[in-house]
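Features as listed in Swiss-Prot:
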- C37, C48, C51, C63: [2Fe-2S] cluster binding site (BINDING)
- H95, C99, C102, C109: [4Fe-4S] cluster 1 binding site (BINDING)
- C147, C150, C153, C200: [4Fe-4S] cluster 2 binding site (BINDING)
- C264, C267, C271, C299: [4Fe-4S] cluster 4 binding site (BINDING)
- 3-79: domain '2Fe-2S ferredoxin-type' (DOMAIN)
- 79-119: domain '4Fe-4S His(Cys)3-ligated-type' (DOMAIN)
- 138-165: domain '4Fe-4S ferredoxin-type 1' (DOMAIN)
- 181-211: domain '4Fe-4S ferredoxin-type 2' (DOMAIN)
- 257-313: domain '4Fe-4S Mo/W bis-MGD-type' (DOMAIN)
- 252-984: region 'Formate dehydrogenase' (REGION)
Amino acid sequence: MQEHLVVTLDGKDYLVEPGTNLLEFIKSQDTFVPSICYNESMGPIQTCDTCTVEIDGKIERSCSTVIDRPMTVNTVNNDVKDAQKEALDRILEKHMLYCTVCDYNNGDCEIHNTMDAWGLQHQTYEYKEKPYEKDYGPFYRYDPNQCILCGRCVEACQDIEVNETIRIDWDREHPRVIWDNDVPINESSCVSCGQCATVCPCNAMMEVNMEGNAGYMTDTEPGSLAAMIDLTKKAEPGYGPLFAISDSEAEMRKERIKKTKTVCTYCGVGCSFEVWTKDREILKVQPSHDSPANKIVTCVKGKFSWGHINSDQRLTKPLVRKNGEFHEVEWDEALNVIADNFTSIKEKYGPDALSFISSSKATNEESYLMQKLARQVIGTNNVDNCSRYCQAPATKGLFRTVGHGGDSGSIEDLEKAAMSVLIGTNTAEAHPVIASRMKRAQKLFGQKIHVFDIRKHEMAERADRFYQPKPGTDLAWLSAVTKYIIDHDLHDKAFIDEWVDDFDEYYKSLETFTMAFAEEATGIPESELIKFAEECAKAESVVICWAMGITQQDIGSDSSTAISNLLLVTGNYRRPGTGAYPLRGHNNVQGCSDMGSMPDKITGYQSIEADDIRAKFEKEYGVKLNPKAGKDNHEMVEGIHDGEVHSLYLYGEDTGIVDSNINFVQAAFEKLDFMVVQDEFLTFTATYADVVLPASPSLEKDGTFTNTERRIQRLYQALEPLGDSKPDWKIFQAIANRLGFDWNYKHPSEIMDEVARLTPLYAGVSYDRLEGFNSLQWPVQPDGTDEPILYLEGFNFDNGKAKLFPLSFDNYFKQDEIYDIHVNNGRLLEHFHEGNMTYQTPMIKYKVPRAFVEISPELAEDRGIHEGAEVKLISETGEAVLQVHVTDRVKGKEIYIPLNNDAMENGDLGAINLLTNSDVDQYTDTPSYKRTSCRLEVITKRGKSPLNPNNFRVNKKRHPQYSVQVQKKWERSDYVFPGNQVDK
């Protein structure tokens, strides 16, 4: 195989690797070639024709040329320049240059920059206005009269995000971008990811927040912009002066528009991007090709749901309860109240009478300081975080089998896999950017997707095969599939012999897991399970993703263990495109646990009960540490009721809504002697507190987050804290010092340096190594070497071998005649959990204004109810009143309740956790949220739908195609390739 090819570029020879994109090679040599439709994150689209060069004497597009032979390339001769000029002129026939008064004139308009760099002074063809008006969606708008039909938005929607809404209608007299079958944006299947606006090279697609806000001359009254455009064009007869003036205005904008790299504060994907702000106004979010987890992909929350930052609901001063009511006070008074109460409770009842709940929304540094406050200052290990509510069972299963409690590879491995198996994860709504990577792999590269879920969500609809097991029975089919693979000699014996212990004992434990047993337990036909087992065993590479549908069961740890067992038996660890991926729910739930906000583990999952570990931290902290494991979230609530816990300090967690059996939890709050809540808002939980502290959200501080793939990333402060709110780390420091300690951190980087000294997993982590879009995936060696793929050097046990873990199953979920309906629950795309942050963005609330219950058509018919009906759901622990959305996403007596009940406005009305009980996973105390039964009482039989009629879920059909279908453009009678014109 030839290693290099000779490419002669403008008379100079270069050695180039075969398969290199010609345009990328030309750019790498600092040679300018226009390329308006090309984007490095999407590849060649071939619509603009501006990148033409001469290849071996013929004018061709460089963007779609792969270097597969020696070639001579000319970018400067007259024929090339003439072809490029023709292509540029055709663009200006569709796009009016009025740069100085354009909101997009921020230094990154690719039409402006290309025309300027090329040296275009006058256009040959007159601009032709199209017979279309602007189309406004809730978050972005489309201006057909500025659209050059490059197709980037189509490529992004169809083949990057794979939402499959946007197309170009090439057949009409005046082609334009359309949504679905040519409906307005707001009536389409658009999910408002915003990537079309991200990739648009000009002002055709633009965020609504940008319009009229970006420039010095764009904040005009409606109608006056047209006059300004006319005036500008008359005053700037050639493009040279226009570019000079607009460049000066763009330079001025740098003084008013601040661009700050940050990391998304919602789910665990860890999307990074620049946030553009003007004063406190958030203009746009712009992802980058350099964004390690998401590249240029976003979802509606990360791109647009930032209303919470400037919400009038933000807390700006501390609140102290006096005579039953909250009063605003200065920080000094609030800190004194906290210090006095912590001290008196500790003196009266001992340190273990105080408990602390950390936040998966906060930074690593802040999570570290909360556990340090609990352990060093108070002397208790009663500290936990919300991984107890969701991911602790997955971590347990991985600790049992492979030794690390995190994803075994990277997000890009999910794209590389030959087969993806999704179990109990609504990925397209809970982790939409990851779902896009998998949808793309399926659509373009043939990845096979298998989905096991009780609900027919989007990934189930798209799956190559969809299986609907009975609730809580995944362990049965997972173990039966594993047994079948071994029984039929399909297991990876070489991998097992070299890398896995305890095979014989494990295989013996599978004796009862026959396919017949699995069919009876799960309801999945034996033939389907056999076919899946054979495909799984024979696939070149397999990844398994799972989430709360697995972990929030009372056998969540065992089911997670069964997943890892299957991967070990088939040899699907230690290679690209393989492994276990328990998709983390929050932006920093992985990091919060990494930082030691756990009752039995200190940073990096080091046991607090180990003498040598405690000794290391005691030397750093200067105090003796409590050797006894503390209480977890579940045990804290029990401890309050039992009189063992008298004080609770929580931050960034609405425990009174998100814990299970919240009637029981709220009753516990009422029994506390003293309660502190620290948050952006006066949350439902905060209404029970004695002191409420105003905390700053992510855009108002520096720090790091660790995402689902163990990726540690920096976020930078974009805005000053609102009012008297403070970053959590500063609040913890103030409390520690008020209690007699001498914390003196000047910046979060110093906190991370301390973490690195104490934590082998983070040993090489530093802010310098995380500069900009750089990131590290733990474990990180002292020299900064990280591990995107775990276990390449062996598994995280003393002998380097993984362990197969025997399991059993007899845990059938049965409903009785009274509580005859199974209640499933989870996220919606638009909202995050209870919605405290997302409901602060008006257009998010417009899309999904309230919580509701999904009911199957057959259950609706049985109960005589219709869309919009109001029903009361009653369980053994409580009741909730909700409106009905009838959908075939659920079947039979399965119902689904989204988590977003807007608790700050509605209290606990309609909250799913009024119905859940206190049952937990026996190994982790994770609540069994998914094992809930209820009965249904009809209040009204029909009403207004709880969903906005423009919501994409309401009878909206996708319109998939491959890319922009540029051949349709080429087939038009009015199209001639510029190179052919030059040849003529």
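Cβ coordinates are placed from backbone N, Cα and C, and glycine is handled just like the others.
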Inter-residue C-alpha distance, C150 ([4Fe-4S] cluster 2 binding site) and C37 ([2Fe-2S] cluster binding site) (nearest angstrom): 5
The domain '4Fe-4S His(Cys)3-ligated-type' (79-119): DSSP-derived helix, strand, coil residue counts: 28 helix, 0 strand, 13 coil
In the chain carrying C63 ([2Fe-2S] cluster binding site), residues 6 or more apart in sequence that have Cβ under 8 angstroms from it: N21, L22, L23, S35, C37, Y38, G43, P44, I45, Q46, C51
Listed stretch, out of 138-165, 181-211, 257-313, that has the most CB pairs under 8 angstroms to the domain '2Fe-2S ferredoxin-type' (3-79): 138-165
Rounded Cα-Cα span from C264 ([4Fe-4S] cluster 4 binding site) to C109 ([4Fe-4S] cluster 1 binding site), Å: 25
Tally of DSSP helical, extended and coil residues in the domain '4Fe-4S ferredoxin-type 1' (138-165): 12 helix, 3 strand, 13 coil
In sequence order, the binding-site residues (C48, C147, C153, C264, C299) whose C-alpha falls within 10 A of H95 ([4Fe-4S] cluster 1 binding site): C147
Length of the line joining the Cα atoms of C102 ([4Fe-4S] cluster 1 binding site) and C153 ([4Fe-4S] cluster 2 binding site), in Å: 20
Sparsest Cβ surroundings (other CB atoms within 10 Å) among the binding-site residues C102, C150, C264: C102
The domain '4Fe-4S ferredoxin-type 2' (181-211) - residue tally per DSSP class, helix then strand then coil: 11 helix, 4 strand, 16 coil
Non-local residues, at least 6 beyond the ends, that sit with Cβ under 8 Å of the domain '4Fe-4S ferredoxin-type 2' (181-211): 36-37, 39, 41-42, 95, 102-104, 109-112, 135-144, 146-148, 150, 152-153, 155-157, 160-161, 163-166, 169, 218, 281-287, 296-300, 303-304, 432, 829-830, 847, 950, 952, 956-959
For the [4Fe-4S] cluster 2 site built from C147, C150, C153, C200, further residues of that chain with CB within 8 A of the site's CB center: I148, L149, G151, R152, V177, C196, V199, P201, C202, A204, M205
